[in-house]
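My structure is below; once you've seen it, I'll send some questions.
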């Protein structure tokens, strides 16, 4: 037994150095344990009298009752949502609802651009024709906007910008919205066709078709919807020109081109801050699917406004002072378009968008003040007719 003990001691002896640290470590752990045992729990704060009174009630009864009540209320709410509800529409709320259904601010912009086209026409100003053309254009715009909201109810409900529209919130029935659109569109086109001229009526009907049947479904298919939407916005000033003259001239095309180019920096800057909304709604916008193209197109059409304004006196629409006076504001919106192209952030897009809001009215006002005087054109016409008469008189002898 002694020999075996010695052998074991000899075997363990070389490892004694490694055993000692473990022993010390175990002592340190023991000290930590003793320190932990010395900590005493803090005595709880005495509960208020209301809790001591309710302590004798069975535990878990109140929370269980609250949970049962909340579950039952949620089930009742879901059942109410699934059930049919009676739509109560008060007559006093109807004008505001119809104004939002027809996008009254957008309609006002459409009428103002059509009025600018009427005022820029090289003919004497006819007040009656102007009022009839403005009324018919406004009614056609209300009809197009109402049909647009009727088609986009499932998608507007997914967007923060459009989730409070009347049809989405159920403030008006779809049947009433369609009836309102028909009540605006049919008299509006009839008024433009019969009271103004057939060309203006045809342009108004074509614009309603283009907005509701081409632009609206194309928004979920391709980014080409922006170019189609810009064409829709370019037609109203052309309608104003044709309402005054009864013909499509180079001046009408120039006004339409200015409105066409203006819409790209305006809408592209607006859509840049609404990319999350458009992606939730499932719309194919340049700002969502082609962000680089969105910025390039905005800058490109900002620069195009400078060239279109320079072409106005060449086409005998304005005097040569118009390109000079309009150059500063066109250069400023082009600078903001370049900032938007370079930075591509919300700040630059907001600046470009708010600049476009005052740029168009100011540009049209400057264009009207620089309009070619009607007397000069009449004198040119008399001179040409006089020269033709002289030529005929010379040939007769």
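One is the number of the first residue shown, and numbering goes on along the chain from there.
Using N, Cα and C of the backbone, Cβ positions are placed for all residues, glycine too.
No curator has checked TrEMBL annotations; they are predicted automatically.
What TrEMBL records for 41-72 is region 'Disordered'. What TrEMBL lists as transmembrane segment is 106-125, 131-151, 172-193, 199-218, 320-340, 352-369.
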Is it the case that the transmembrane segment (199-218) and the transmembrane segment (131-151) have 3 or more CB pairs under 8 Å, with pairs at least 6 apart in sequence?
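They do touch: at least three Cβ pairs between the two stretches lie under 8 Å.
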Which sequence positions outside the transmembrane segment (131-151), separated from its termini by at least 6 residues, show Cβ-Cβ distances below 8 Å to it?
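Tertiary neighbours of the transmembrane segment (131-151) are 101-103, 106-107, 110-111, 114-115, 118, 165-167, 174, 177-178, 180-182, 184-185, 187-189, 191-192, 195-196, 200-201, 204-205, 207-208, 211-212, 216-217, 236, 239-240, 243-244.
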Any residues 6+ beyond the ends of the transmembrane segment (172-193) with a Cβ under 8 Å from its own?
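Here the qualifying positions are 87, 89, 97-98, 101-102, 132-133, 135-140, 142-144, 146-147, 149-150, 153, 166, 200-202, 204-205, 208, 239, 243.
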Under an 8 Å Cβ to Cβ limit, what residues of the same chain, 6 or more beyond the ends of the transmembrane segment (106-125), are close to it?
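Hits for the transmembrane segment (106-125): 133-134, 137-138, 141-142, 145, 233, 236-241, 243-245, 251-252, 255, 259, 317, 360-361, 364, 367-368, 371-372, 374, 377.
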